[in-house]
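K.L.:
My structure is below; once you've seen it, I'll send some questions.
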Amino acid sequence: MRKTLEAALSSGYRSIDTAGGYNNEKDIGHSLQKLMPKCGLERKNVFLTSKLAPRDQGSEKCRQACLKSISDLQCGYLDLYLIHWPGAQGFQHSDDGNRTLRRQSWEEMQKMHQEGLIKSIGVSNYTPRHMEELLQNSDICPAVLQIEHHPHLIQHELVKMCRSKGILFQAYSSLGTTSDTNKLLSDPAVKAVAAQKKKTVAQVLLRWAVQQGIGVIPKSTNPSHIRENMDIFDMELMQEEMQTLNSLDTQKHYCWDPNTIT
């Protein structure tokens, strides 16, 4: 963990995305205490995001989970806290309990935001239906929606909704699946654009999102890949290249499909 974070911070990364369900927050917190002084950074220079696990949905559990994340990360406060998934552990996908508990979680997150424990609040894996429900029952507009988004799964409706509400649309799994049979990384059309730009396929996919004003959080533990993922700002995809990538949409989920959650 420390080597990964050191490579990221030394390459210019200032945003760290984690979650209670990743079981790595203690390691991150310990590493940051050592690395921030080494890199000439203070707490205010690093943007820390964590997420509420499905097992912790509901008012009391939500607060306890958030406080645990802050303690484990040794950070004093969170820059961004997200509801990781619209469902709650222990409920069938069609159970109304999912709706009740995520609403309780959001209400508690609004309180913690007002208390200064969380600077911004948002959600992850919310569909248009979940977003509409949230916006109708919220005093604070979510700052961020984080969801799977790439040329094989373009979230047209959500991107439009977020832009109209001033919500940052943030893509995860921008490179598709991490399996050896990654159909996005091996897509001939994407590879052709990469060859033309003299960039890697991963760089082209990240640039495709960033060029549209979409946030990205590429995952890597490889120091060379970490540095490579930052090297996307010296190119611009031409209109026809963007159109080529946009034409690849098949609504293919490589991760989880939240549309099944009530």
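Numbering starts at 1 and runs along the chain as displayed.
Cβ coordinates come from backbone N, Cα and C, glycine included.
Below are the features listed in TrEMBL for this protein:
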ACT_SITE  Tyr22  active site, proton donor
BINDING   His84  substrate binding site
DOMAIN    3-249  domain 'NADP-dependent oxidoreductase'
SITE      Lys51  site 'Lowers pKa of active site Tyr'
K.L.:
Check Lys51 (site 'Lowers pKa of active site Tyr') against DSSP and tell me helix, strand or coil, would you?
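P.N.:
Where Lys51 (site 'Lowers pKa of active site Tyr') sits, the three-state DSSP reduction gives strand.
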K.L.:
State the Cα to Cα distance, in Å, between His84 (substrate binding site) and Lys51 (site 'Lowers pKa of active site Tyr'), rounded to an integer.
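P.N.:
That separation, Cα to Cα, works out to 5 Å.
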K.L.:
Taking the Cβ of Tyr22 (active site, proton donor) as reference, which residues of that chain separated by at least 6 in sequence fall under 8 Å from it?
P.N.:
none
K.L.:
Which site among Lys51, His84 has the most other CB atoms no more than 10 Å from its CB, taking these as recorded positions?
P.N.:
Lys51
K.L.:
If you average per-residue pLDDT over the domain 'NADP-dependent oxidoreductase' (3-249), what number do you get?
P.N.:
97
K.L.:
Please classify the secondary structure at the residue listed as 'active site, proton donor' using three-state DSSP.
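P.N.:
For the residue listed as 'active site, proton donor' - judged by DSSP and reduced to three states - the answer is helix.
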